[in-house]
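Under the heading substrate binding site, TrEMBL lists 96, 119-122, 185-187, 191, 238-241, 421, 432-433. According to TrEMBL, the ATP binding site annotation covers 115, 276, 335-344, 346, 369-372, 396, 423, 429. What TrEMBL lists as Mg(2+) binding site is 115, 117, 339. Annotation comment: TrEMBL describes 175-273 as domain 'Glutathione synthase substrate-binding'.
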């Protein structure tokens, strides 16, 4: 069941291949694994709080929207929807907080957050099946005791639970859940796992693209969303996080969805809360205290996961940071405001780009982050049509979080499972969908 469509025939469900995975589960320090789970509800609360704080978003993204057209367009829709007044009363967040294990100078591993994905966080479905694959492999190798130690993991069920709760609170038995999907859906089976969980709860699911919304979508007088005459209770975005997918029609479709009463996962404010610029602002002293007054324990847990993050805004501080990075590029990662993997810059490439933009406002569309130094381990990466060889690998742990808010009340807030992705050390950046990382299972040590 751990399947993807092929690159050659991305629209065919009768021509499939296995999704890439590691032959063996990878060792993960138990204390750091538990730390990542323990902080997930805090991150859910934080993302939800930011999404409701217009002043914070406006101030934090002010420099970015001057130079980053994509973030600026999203922000314009956000402001337009607020001016009209929100029709949406139920809010659903599905995010994934990603971490690496930094072995730094002391040699003791520390949990360091890479980013938090607030839109289209994928692989909750396929990773629900991956532990079974590794359990079988260990048994075949005669390692039954080790096989029994692999944790059960079912994010597909957890994500569906959140969607089902939002659908129920929307309050119309006849309304459907709409998965907003890409034109090319190689990762369809990952989505199907979540979709099937909803059908099992007798919740109808339809799959539509932005183009379909533009052609068939409409709002009634109370801004209920209709597609092809069917009322839509929840819009679950698996699309819409990169600029390339938006033409003018798709921007219009996005605006229509955002203006509607339907529960958007995420709504546009939550997508903005997931930008790299917000992530960098959160690491500034005092920011978390302002956003989460009265939650000192949550703030301590969140802050303990932060890597060094630096602003490239115009001014003395930004100039100094840019100069430091140009002088020692291997210490840092340069990140644009994008989701989906494959966008970050390292080493010489980082230096070249910074040299080019260091005196222009364009540099404010990036943030700089300390480069994390994980301890590599040996494993086999199984990929269709690739030679089988042992590789030095590093892993990234993601924790899925789900929350539902009705009005001001958080009615659901939980961690929904985990995702371990592993890649060979020569690949600096990129996830499974980007063709670099492969699916893995944590073996706690």
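Every residue gets a Cβ built from N, Cα and C, even glycine.
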Top Cα neighbour of residue 371 (ATP binding site) in the set of binding-site residues 117, 120, 191, 241: 117
From 115, 117, 336: binding-site residues whose CA lies within 10 A of residue 96 (substrate binding site): 115, 117
Count of other CB atoms lying within 10 Å of the CB belonging to residue 346 (ATP binding site): 15
Integer Cα-Cα distance in angstrom, residue 186 (substrate binding site) to residue 336 (ATP binding site): 25
Rounded inter-Cα distance in Å - residue 115 (ATP binding site), residue 122 (substrate binding site): 14
Residues in the domain 'Glutathione synthase substrate-binding' (175-273) grouped by DSSP into helix, strand and remaining coil: 41 helix, 26 strand, 32 coil
Residue 120 (substrate binding site): tally of other CB atoms within 10 A of its CB: 25
PLDDT averaged over every residue in the domain 'Glutathione synthase substrate-binding' (175-273): 97
Other CB atoms, at most 10 A from the CB of residue 191 (substrate binding site): 22
Pairwise Cα distance for residue 239 (substrate binding site)/residue 336 (ATP binding site) [Å, integer]: 19
